[in-house]
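The structure appears below as structure tokens.
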């Protein structure tokens, strides 16, 4: 049968000139494909409708998957076995009892919690000969930070579950049982303590573990990590090598693996049943983006290896009265308790002491309760391989495509995407900083994702207008592949910086949370290589003259099976091309158009869904972890608004190669979404009952001080208090650094209020030697456990337990020492400026001595000392009034160690 004969079906024949001058017949009408083929073509052909459908499905998939993965209710199952149900019920009851009252170190309720825990521990370990209990008190004097010395009297509760193999180093479980004065401490750290009791009960009722497990129920973590520091000096501490610290820097939700000391210990977190983790938070903590610390810091600095497991949100009720039982889900407790049991069970019964990776920082994440981790070295090796392979593979392919396959990349191709990124970034900066931020500055505290989604819509519209506008003015070929290659290059540059940072990873310059760039680059680069390979293996087209011409141009990307809707039809570049010339290339062109009309779907599925999920989930976790800190400082506010812009830009990046194919309905939807978002941003209140304004309080020397961000309306809130209106007292607001203010007013004191007292007197003053002076004071602050002293030029301090005597300064060793009378010394010739004092006795007097060196030009060789003592649980009418009368969208936290303080000044 000749080429001009009909094979099957009815087909219209068209003669076509061949290079040899002969004529062949080409069919222009073929048999209609079946419905399945037509459906596949309609779905996966490069049509605007198909692309828009894919984009919408990707957005739905991304948000739904992330929401599910981060959901407490969907991912954490309550226990089903009888024993675990009993453990959870018992721990929940413990939590209710622990959090009955605020129980800071300086409160009487703290003693009640101590006694309750002492009773529960004794009851749990009764009749267990392999378990020991140490509930003795301890005293320490140490250098807690630069020029600061702290004295602490502690009453930690220590339990040792002895293992069957004494040669194995011990494993520590730690949590603190104190709260802040303004909070019931359910999450911080009642759930940690309740979980410790649950794990202790689990060990006491099961087979004796192979490895010794030690529990530290420690006190006074909130204002100096004192309980953990005191335990470091305990004899049991010497046998410990591993630890798990349980903490709460939020108020409920899921307990996340904040950070780990090294890969060798972090990798074992895959043994827990509900892992929830990301090293993004580890990077944030290590780079000081979170302005709080946990006992993890003490244990790591003491040489232990371990994990920090904690609740992290929401910070606007963290340290407030809203951190209470009624705001907590029992699943949160079970999440922490079950993971603690699993991790303890594995560590205590496994030989992990020869593990590799103990000197390697860890990179980790969890997905749907699956845990993945690797070391910095391993990821760096992968990154370097990818960095080298990308130019090695893509360079030759790009050269072949351009040189031999005649891929014409014009100026519009090269510069349209970079130009669009620059312009859109500027638009985003103006919209966010000069628009949203000025209209509703503190909105990120309650609706951060409204800002993100609205910004994303505006930026996506901007990209659509710019890219289509450039393409209209200067039509370009295969812009999709060009864009994919350019985005791959952007990720390649970013990966180089990430790899460099990881190679020098350190505290303060941590990069362990930037693993997402490896994933994003791998996906984008693979798609770009796929596109280049497709170009490389195409056949050349012969013109009637026999000369070669390019097989493909940008206009061949359209779907060509006749099912295009009106939005999918694109004008051809050369409208005056003759009908005969069209038919000359129809068969070859049709093959290429079908090939390149479907490759987009593979590229889209390879790049967009996973990239979108990685970017969205990472951005959501960062925003969810830091958005409340906008109430803490201007620096935090600047960072949050920067993250909103970066989040929006990066979320759009994966779909940029396809953005000009969005159909008009998607564009209209984006416009509507942006308009609704802008309207809401302009009208909604930044604070509400679920996302309250957080203010901090202290009454100092009879004057109430309220601290918060400038611009949140503190003076208006205070001006509505009955005592302020009735007394006519003025409210004075002073600006503080970093965007904060201190608003103060004379506190209301009814006749029956308990007024604390503070007295400081000099009890000994001598000139020890010609160049050094000595003096001592006595501080009497009934019902106060905590005081702070500020001074200058002090070289050594003494905490007296007995007779006050002046020891020869040269005889005092540097650092900490203790004499035969039980007096504690700390000497630092570089200077001590602050002393923090913490005592257990309620009416015990502080006796302190000081060695100082006066300046040569001082007229008087006296040492000025400023003393401030704090009270936590006395009646505070001004604070009670604020709790009672402020709106339900305001919460209150402590500013200092107590809610009331008195100051005194003395010269020795």
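Quick reminder: no glycine exception, Cβ is built from N, Cα and C everywhere.
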Do residue 510 and residue 777 end up on the same side of the membrane, going by Swiss-Prot?
yes
According to Swiss-Prot, which of these ranges is transmembrane segment: 450-470, 555-575, 576-596?
450-470
According to Swiss-Prot, which stretch among 324-344, 345-365, 639-659 corresponds to the feature transmembrane segment?
639-659
Using all protein chains in view, find how many other C-beta atoms are within 10 Å of the C-beta of residue 221 (active site, proton acceptor).
26
Which one is it: of the binding-site residues 176, 188, 247, whose Cα lies the shortest distance from the Cα of residue 221 (active site, proton acceptor)?
176
For residue 247 (Zn(2+) 1 binding site), what residues in its own chain, 6 or more apart in sequence, show a Cβ-Cβ distance under 8 Å?
175, 176, 188, 189, 192, 258, 294, 295, 296, 308, 309, 310, 311
With DSSP, how much of the topological domain 'Vacuolar' (433-449) is helix, how much strand and how much coil, in residues?
12 helix, 0 strand, 5 coil
Over the span of the topological domain 'Vacuolar' (502-514), count residues by DSSP class, listing helix, strand and coil in order.
2 helix, 2 strand, 9 coil
Taking the mean position of the Cβ atoms of 176, 188, 247 as the Zn(2+) 1 site, which residues outside that list, in the same chain, have a Cβ no more than 8 Å away, listed in sequence order?
175, 185, 189, 192, 221, 222, 246, 248, 249, 294, 295, 310
For the topological domain 'Vacuolar' (624-638), what are the DSSP-based totals of helix, strand and coil residues?
13 helix, 0 strand, 2 coil
Outside the topological domain 'Vacuolar' (433-449), six or more residues from its ends: residues with CB under 8 Å to it:
316, 455, 620, 623-624, 627-628, 630-631, 637, 640-641, 644, 680-682, 684-688, 690-691, 693, 709, 711-712
How would DSSP class residue 221 (active site, proton acceptor) in three states?
coil
Taking the Cβ of residue 176 (Zn(2+) 1 binding site) as centre, how many other Cβ atoms lie within 10 Å?
30
Measure from the Cβ of residue 188 (Zn(2+) 1 binding site) and count the other Cβ atoms within 10 Å, all protein chains considered.
28
